[in-house]
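Asks: My questions will all concern the structure given below.
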Amino acid sequence: MAAVPNYQDYDRGPHLAAVYIAGCALSLVFVGMRLTARFSIAGVGIDDWCMLITWAVFLPLTILVCMFSFDGGTRHLAYLTETPEHLVYVTKLNWIAQSLAIFCLGSGKIAIAFLILRLLNRASVFRKWSLYVAVVWTAINTFLMILFTFIQCENSAALWDQLLKETTKCWDPRVQSSFSIYGAAVHSLTDFYLAAIPVTLVWGLKTDLKKRIALCALLGCGSITGICAAVKASKLSTLNARSDFTWETFQLFLWTGIEIILLVICGSIPALKPIYAICMGHRPGSYRSTRHITNTSKRSGMGISLNRIPDDEAHGRFVRTPQSATGVSRISEDQMQLNRDYEKPPLGTIHVTRTVVIE
């Protein structure tokens, strides 16, 4: 006869499901506003697609979490062993959901890195390459964490089937748990780095203090996700023994869900400026960057003007005349503002002027 557990049979599943359902709905709103803002200026980029993919994977993750949460998948393991088939079912969903959560974390951080590269296109070469390194490092770690989740046993089904586990060779649980702690620590470090690198650049802009503080808060809000990743890393050590797997993974899924939700929201806020412009009654549009190079400009300087142009004329193009060469390219409002603040007049005889004309 099985021993009676000395703890109460408490089901925290509905609380976990509520977090994921609310977070999935809220993050959908921000992703929708982000894409609306980008399409309004015809400026959808790789960062937007990465964030959309993150939410697209977060949706099935939310469904899986709700499935095992409403079915008792977060109760103490001792109470689930009374029905072995049910235990196999909820544990299998638990392991599959873990892989989807890891993917969401990785793709979300990659989306934010590409967003920073897009906004701070005038950053130094070191900053740009460090962001590319962060993207590659995050992608590799994400792939390895998902891979190690399922290859730790010769037969992956042994992860959720206790009968198979008795006859299947598996790693020591501490190996996979230790690598998961490393992965969570890397995620936390990446979050803090992605929050810090734009702040270091924005703080040096030649603009008023209030605007610099606002930009730092806007681009550095991702540090909140770093705190969630650090808390999650501290919870992973409890999975070494896997003695109460279903109960112990509740904290893991809770903090992972919060981290993904904050990744999507905080990673989308900097891209919502065109939405703000629409709400304030302004029409977001494309800007034309023209560069005139003539015999006169070679002697006296180079003129650069930024003008709003109709959407149907917003495609990049080059127009050449006998006296001048005019290069036209598209940039977003955020990029134009940051470039105007960051760029300094070059030394020598070349003088840079800027004119903004709003029609």
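Every residue number used here counts from 1 along the chain in the order it is shown.
Including glycine, each Cβ sits where the backbone N, Cα and C put it.
As annotated in TrEMBL:
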DOMAIN    33-276  domain 'Rhodopsin'
TRANSMEM  17-37  transmembrane segment
TRANSMEM  49-70  transmembrane segment
TRANSMEM  95-117  transmembrane segment
TRANSMEM  129-151  transmembrane segment
TRANSMEM  181-205  transmembrane segment
TRANSMEM  212-232  transmembrane segment
TRANSMEM  252-272  transmembrane segment
Asks: Can you name the far-off residues of the same chain, 6+ from the ends of the transmembrane segment (17-37), with a Cβ under 8 Å from a Cβ of it?
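Replies: Sequence-remote neighbours of the transmembrane segment (17-37) are 44, 48, 51-52, 55, 58-59, 61-62, 65-66, 69-70, 254, 257-258, 260-261, 264-265, 268-269, 271-275, 284.
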Asks: If you average per-residue pLDDT over the domain 'Rhodopsin' (33-276), what number do you get?
Replies: 88
